[in-house]
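Features reported for this protein in Swiss-Prot:
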BINDING   His64, Asp102, Glu221  divalent metal cation 1 binding site
BINDING   His65, His217, Glu221  divalent metal cation 2 binding site
Amino acid sequence: MVLRRDFLTWCNETLQTALFKDYAPNGLQVEGREYIGKIVTSVTASRAAIDFAVEQKADLLLVHHGMFWKNELPTVTGWKKERIAALLRHDINMAGYHLPLDAHPTLGNNAQLADRLGFATEKRFGEQNLLNSGSLKQAKTLGALAAHIETVLQRKPVVIGKPEREIRRVAWCSGGAQGFFQTAIDEGVDLYLTGEISEAQYHLANETGTAFISAGHHATERYGVRALAESAAEVFGLEVCHFDENNPA
């Protein structure tokens, strides 16, 4: 068991949350019991994740996507009321870490994604160093790499580019980072991988020759929150359980 305060201090210091300009609060979002012995992780603080945390008798739900975002209505009604009420009813804490959890060099979503896909990280760049670039250990065709990504992430990616195109240098950023495609193009990489795609990326890929893969917002962000919880569990002797959803987005 660990005091909630000590656990949150460790997370904040590990992820260096004070260094980031974020559009979501990082840290405790819903307060529950004072001591933490069991953590449930989830990409998002969905009602399904909360119900699972209740079933597991968890003390903390640790997520990447919390329930509060800048520029949204500051009201607690409807689905948000139901989620928060369930947490409060069972005295469960909910903490979320957003951009700091994307960017951490070992525990973050980008680092964990690279480990699973076999990317060797050589550089962090772009806005708040949220993008990563590096080289494949062995060059692959775009088609072969897309098949590998599908196998690892268990989700069919959206691929823009010729399947036979050789891929050596890759840039990536988990989640909804399609807006950084031009930044990746400027790095001179062969491929940019992220979680989502918008209409404009199709044209940019075709007109610049830089391949683009959208591998799923949820799928590319499963692993950071798990790594953070498992690291904390080693430090504090906690029990950890992971929740996942079949989210196609």
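Placement of Cβ uses the backbone N, Cα and C atoms for every residue, glycine included.
All features noted in Swiss-Prot, drawn onto the structure.
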| residue | record | Cβ neighbours (10 Å) |
| --- | --- | --- |
| His64 | divalent metal cation 1 binding site | 27 |
| His65 | divalent metal cation 2 binding site | 20 |
| Asp102 | divalent metal cation 1 binding site | 28 |
| His217 | divalent metal cation 2 binding site | 21 |
| Glu221 | divalent metal cation 1 binding site | 24 |
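Residues His65, His217, Glu221 make up the record's divalent metal cation 2 site, and a Cβ search at 8 Å around their centroid adds Val43, Thr44, His64, Ser174, Gly175, Gly176, Gly195, His218, Thr220 from the same chain. Those residues of the chain, other than His64, Asp102, Glu221, with a C-beta within 8 angstroms of the mean position of the divalent metal cation 1 site C-beta atoms are Val43, His65, His98, Leu101, Gly108, Asn109, Ser174, Gly175, Thr220, Gly224, Val225.
Here the C-alpha separation of Asp102 (divalent metal cation 1 binding site) and His217 (divalent metal cation 2 binding site) works out to 12 Å. Rounded to a whole number, the C-alpha distance linking His64 (divalent metal cation 1 binding site) with His217 (divalent metal cation 2 binding site) is 11 angstrom. Under DSSP, His64 (divalent metal cation 1 binding site) is assigned to a strand (E or B) in the three-state scheme.
Across the structure, Glu221 (divalent metal cation 1 binding site) and His65 (divalent metal cation 2 binding site) place their CA atoms 10 angstrom apart.
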